[in-house]
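Undergrad: Annotations for this protein, taken from Swiss-Prot, read as follows:
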- D8, D9, S40, N95: divalent metal cation binding site (BINDING)
Amino acid sequence: MHILLTNDDGYFAPGLQTLYTTLAEAGYDVFIVAPDSQKSATGHSITLFEPLFITKHSLDRGTGYAVSGKPADCVKLAIQGSIIPKPDLVISGINNGPNLGTDVFYSGTVSAAMEGVLLGVPAIAVSLASFSAVDYKPAAQFVALSLPKLRLGPGLININIPPLPEKEWKGVRVTKLGKAVYENVFEHRQAPYGRDYYWQAGTVSPEVDQETDLYAVQEGYVSITPMHSDLTDYIKLKELRQSLSLENPNK
């Protein structure tokens with residue numbers, strides 16, 4: 001299996017490098033195409049009207065590419081630019097920090113994986129729900145061991161690992177996306193010369209819906225959430241056709 005590995009933390013991020021080593025040792029053909037610098041929270045943005053520069057880096061089993069663009073750029077370039085063999089799977093991560101609930105819309109990690117889906121390649125996004133993690137090996141091993149069981153299809157699987165030692169994980173839950181609600185989102189500050197500014201911060205409110213990814217990780221479980229790119233509200237679609245007296249063009 002050819003695996004394209006990318007992220008939004010940058011080419012040299014320990015989560016990505018640990019995942020590369022783990023998957024390569026498991027016998028997979030792994031290729032890295034990742035941003036050349038930190039690109040967190042860039043969502044699904046792509047680079048227009050600017051060139052994309054790539055820098056080659058030697059890997060134990062081939063060549064990796066650091067790209068001057070966004071995470072989605074990396075996946076587009078890898079697949080549509082044919083700088084690596086066509087992948088059978090895109091894996092984005094391991095991210096430094098969680099990608100849970102509605103935060104996936106801001107996530108460069110999840111968006112890179114979704115770009116693979118849009119280009120016809122199954123994808124996985126992997127995040128470790130800690131901003132101070134130093135050991136990504138348990139998360140990487142979980143991914144490697146889970147690959148044969150995930151029944152990869154045309155969509156995306158979003159995996160979040162709890163911020164706990166592996167022996168303290170309570171298990172695995174298959175979940176739906178929660179709604180990340182933040183408290184105290186903006187801090188009002190003053191710059192040295194007196195100019196006011198705002199610093200985006202905030203903490204996520206505790207989740208109470210036990211079916212969600214937020215709740216699972218909050219309680220110490222690994223969360224696995226299947227996702228797809230179709231954002232259509234089919235209930236509203238039907239209601240609007242009826243209320244506007246429009247016939248279904250597909251009938």
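Each Cβ is built from the backbone N, Cα and C atoms, and glycine gets one as well.
Worth saying up front: this structure is predicted, and the values here are computed from it rather than measured.
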Undergrad: Which number gives the other C-beta atoms within 10 angstroms of the C-beta of D8 (divalent metal cation binding site), all protein chains shown included?
TA: 30
Undergrad: Could you work out which of the binding-site residues (S40, N95) has its C-beta surrounded by the smallest number of other C-beta atoms within 10 A?
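TA: Lowest Cβ count within 10 Å among the binding-site residues (S40, N95) is S40.
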Undergrad: What count of other C-beta atoms do you get within 10 angstroms of the C-beta of D9 (divalent metal cation binding site), across all chains shown?
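TA: Within a 10 Å radius of the Cβ of D9 (divalent metal cation binding site) lie 23 other Cβ atoms.
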